[in-house]
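Attaching a single structure in structure tokens format; questions to follow.
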Amino acid sequence: MVIFGLTGGIGSGKSLVASYFSTFFKAKIFDADKVVHELYKYDSDVIRLVSEYFPDSVDNGIVDRNNLRQHFLTDNHLWVEFQSVIHAIVLKKKKDFIMLHNRRSVRYVVLDIPLLIESNFYSCCDFIIHVTTSRLLQMQRVLRRGLSIKEFESIRCKQLSESSRKKFANFTIRTGLSKKDILFQIKKIMLNVNNKCNMD
């Protein structure tokens, strides 16, 4: 099994790259955002945890993610404590995901985790791919999700710089180009990786 980790700022195109790995190389994708979304929606222990830390973010047992995001943006000590618990749960689910697909002899696994580097989720990766694009395109993508420019800038400031990400990366994919070009970049990486794996 080869494990890829995707690192990139908000709106850089990580999910787009992950979808290409899934479609063209049958990779299994661990989508941390989806995992957390499901925890907030269905996990009673997590919903209870949210209500303990941020009572105004839960109404009748339903987590208001927009409200919860505002607590993240304030960057207070409560959020740091809360986030550490959520990260521990996600880490366990990531390990279970990898073990499951290893038993099934899956060839490729891709970790699509926003804080891959910052939260040390990358230690199990064989290769790290830095996904990048222009700041303008990042902002356009984020605004389409319903976030404001202020929220985009605030989140972006809390994330690692592009230069810091590059230090961890084995490869870089630029997503501000055509879909055909993005696929070409991925195919080039896969050729490189498969050649390396065959040599080892």
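Each Cβ is built from the backbone N, Cα and C atoms, and glycine gets one as well.
Found this in Swiss-Prot, in case it helps:
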DOMAIN    3-200  domain 'DPCK'
BINDING   Gly11, Ser12, Gly13, Lys14, Ser15, Leu16  ATP binding site
Name, in the order they occur in the sequence, the residues of the same chain whose CB lies under 8 A from the CB of Gly11 (ATP binding site) and which sit 6 or more residues away.
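Counting only residues 6 or more apart in sequence, the Cβ neighbours of Gly11 (ATP binding site) under 8 Å are Thr133, Leu137, Gln138, Met139, Gln140, Arg141, Val142, Phe152.
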When neighbour density is defined as the number of other C-beta atoms within 10 angstroms of a residue's C-beta, which of the binding-site residues Ser12, Ser15 has the lowest density?
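Fewest other Cβ atoms within 10 Å, among the binding-site residues Ser12, Ser15, is found for Ser15.
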Taking the center of the Cβ atoms of Gly11, Ser12, Gly13, Lys14, Ser15, Leu16 at the recorded ATP site, which other residues in this chain have a Cβ no more than 8 Å from that point?
Gly8, Val17, Val131, Thr133, Arg141, Thr175
Name, in the order they occur in the sequence, the residues of the same chain whose CB lies under 8 A from the CB of Lys14 (ATP binding site) and which sit 6 or more residues away.
Leu6, Thr7, Gly8, Asp112, Pro114, Val131
